[in-house]
C-alpha cells in the first residue's frame, strides 16, 4: 500500500524554479546547511524514514557486504516475535495445540542473540507460528508488545533463514532495531546541503534531544496512525497515540521551535487502513463518533494534532505516509524540500 501525499505539497511542487535557483546560488556561496530534526515517539517509524533517505540518496545497502550485516537484526526480529507471541498466548489464556507445547518450550529457550538458526530451530519456529492458538494471539497483538515486522519475517522464515540468504533492501526497510543515541544522514539537493538527525523515541532517549535543538530548520514529527489501540513499549498503561499527542504539543510550544517549520508525518497508513476495518478509534477517543470509516478516522486524528498546533503565524504541514514505500517517501521528501525552500525564500526576502 502506497502512502498519500498531503494536499499542501502541490502548492510547492509546481512553483517556478527561479526562486529555488536563487536560494541554491546563495547557499553555494555561504556553504550553509539545512538541519532537519526527525522527532516522534518510539515505534512511530522514524528510523525507517532515515533508512529510506539513505536509499534514495544511494548512501547505503547497495552492496551485499552492507546488506548481510542485517541478518542478525532480522534473526533477532524473528526470535523476538515468536517468543513474544508464545508469552502473550499464555498471558491471554489462549489455548495452543497440545502437541506444540513442547515445541514452544524449545523455541522459548532459544538464545535471543543467535546469529544462526539450525534446520530444527526453523522447523520448530515455523510449527509454532502456524499453531491456531498463536495465530489467534497474533490477531490480539494490540493487547501486548509485538514489532510490526513479525508477520513479514515469520511468513517468510524459510527464505530468510536459508544458509545463502542475503537480506534485500526491502527486508532491511522492514527490519526493526531500536534507536539509541543520535544518527545523522547528510544529503544534497542540487547545491543545497541537508542534515537529517534521528534520535531515539522512547522516553529514556528523549533527554538527548535537547542537544539537537539549536539552529534547526525544520522538525519532521513522525507518528503512527495505526497505534491508536496500543500501549507504549516502556509503559503498558499509556496509550501510544495519546503519548504522541502530548509530545507533539510539547514540541510545538517549545521555545526552541518558535521560528521553525513543523511537518507532521501521519505514518503507517497501510496498517491503519487494515486496522480501521475492525477496530473503532473510540477505544482511544471516547468522543469520536465516525465509526470504522477510514476517512472519518483520518480526519479526526489529524484534527487532534492540528488543535495542538497553536501558532497561528505558522502553517502546519501534514502528510499521510507509509515509510516502507520508497517511491512515496521520495515524493514526500521532495515536497519537504520545497516547503523549506519556500520558507527560506520568505526569510531571505525573495517573496
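Glycine is treated like the rest: Cβ placed from N, Cα and C.
The model shown is predicted, which means the values in this text are computed figures rather than measured ones.
TrEMBL has this to say about the protein:
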BINDING   43-48, 198-202, 267-270, 323  GTP binding site
BINDING   47, 179  Mg(2+) binding site
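In the three-state DSSP reading, residue 268 (GTP binding site) counts as coil. For the recorded site, residue 43 (GTP binding site), the DSSP three-state label reads coil.
Residue environment of residue 268 (GTP binding site) contains 26 other Cβ atoms, counted within 10 Å of its Cβ in all protein chains. All protein chains shown were included, and the count of other CB atoms within 10 Å of the CB of residue 45 (GTP binding site) stands at 25. If you draw a 10 Å sphere around the CB of residue 47 (GTP binding site), it holds 22 other CB atoms from the protein chains shown. When Cβ neighbours within 10 Å are tallied across all protein chains shown, the highest count among the binding-site residues 43, 198, 270 belongs to 198.
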